[in-house]
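As annotated by Swiss-Prot, active site, proton donor applies to 215. The annotation N-linked glycosylation site is assigned in Swiss-Prot to 74, 121, 186, 208, 217, 332, 343 on the grounds of sequence analysis. Residues or ranges marked as signal peptide in Swiss-Prot: 1-19.
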């Protein structure tokens, strides 16, 4: 029988919530084999047109500083086929809070790679996609079956699949659902979906611990990228109107600002932008915001709300990105929160429930209904995540350069 150990207490009006640990963390091989025999992956498809792209593919590698990654022959070659993002920053250390941020718009104080579960009243990008029936899926290399929730696989020996590199499995609003876990699949299903033209419009792809450079090095990861991504970019079904982001969860040196090598490729990139660079300040939160702006989706009301949009998307919406002075930006630690080991706080951050946000479509109804009447914990309109209590990134300077034809009086 599965048992749950309560880690945190939920007090609804104060936005306090629960985190739980279950025996799903360490299933037996027999339990895995039994589940694998019956687990059915689910591959919904949709065709919702976007402003700048119709499909987004997010591929993450691991733990490499900008400079070594930029020197890798395979990565630098691919970057020249698209747009090199020279000021893309990860959010924190270690790995797991970055993956969490990519799905939930926040780290919730996470500063560890423990087996954590985020309560079901916290929304994710899955909720945003569902507002317009946009298909989504994750593809995790070497995960034993769709919806697997164990901490790792195989159970012994070298790591291959690890839960900490799987964004949506961290959220109970996903894992407690009857269908959503089946959309978190392995690479076998990826190639099946590719063959049968049943890939979703949003994909998050995680190679195993060998291929992502975590347990090896950037040369191994670069070789994997060449084997995996280069053929896909020649596949018309995969690449047509698709935008592919290749980035890293975090840098390797914790004392560095956490700028990570990132580039965009794919059929959605106009010819005149191929082989160019983009110096705009971006974070992992920028991707959540850009997805919302591209498809006309609401915001999570968290750090995605004020995040800069990918320039390709901003140019389509008319949004003016912030110019950020990155000389003192150090996105290498998190703030107090219920997921923190070193700076624990029982209070969960309250998101914004008002405002248009950078994507321009307001806050998701599920977020507004959950947190109605509560004051947001942070200044989520800022393009730079900062925390006054801990002093993280307080005082970072940013400004906008507005070009107005007639009048700027209506611009805020």
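Just so it is clear, glycine is given a Cβ too, placed from its N, Cα and C backbone atoms.
Note that the coordinates shown come from a computational prediction; the quantities given were computed from them, not determined experimentally.
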Nonlocal residues around residue 343 (N-linked glycosylation site), in sequence order (Cβ under 8 Å, 6 or more apart): 109, 111, 334, 335, 336, 337, 390
Candidates 74, 121, 186, 208, 332 (glycosylation sites) - the one closest to the residue listed as 'active site, proton donor' by CA: 208
Number of other Cβ atoms within 10 Å of the Cβ of residue 332 (N-linked glycosylation site) across all protein chains: 20
Cα proximity to residue 217 (N-linked glycosylation site), best match among glycosylation sites 74, 121, 186: 74
When distances run from the Cα of residue 332 (N-linked glycosylation site) to each of the glycosylation sites 74, 121, 186, 208, the nearest one: 208
Minimum Cα separation from residue 208 (N-linked glycosylation site), reported as the residue among glycosylation sites 74, 121, 186 that achieves it: 186
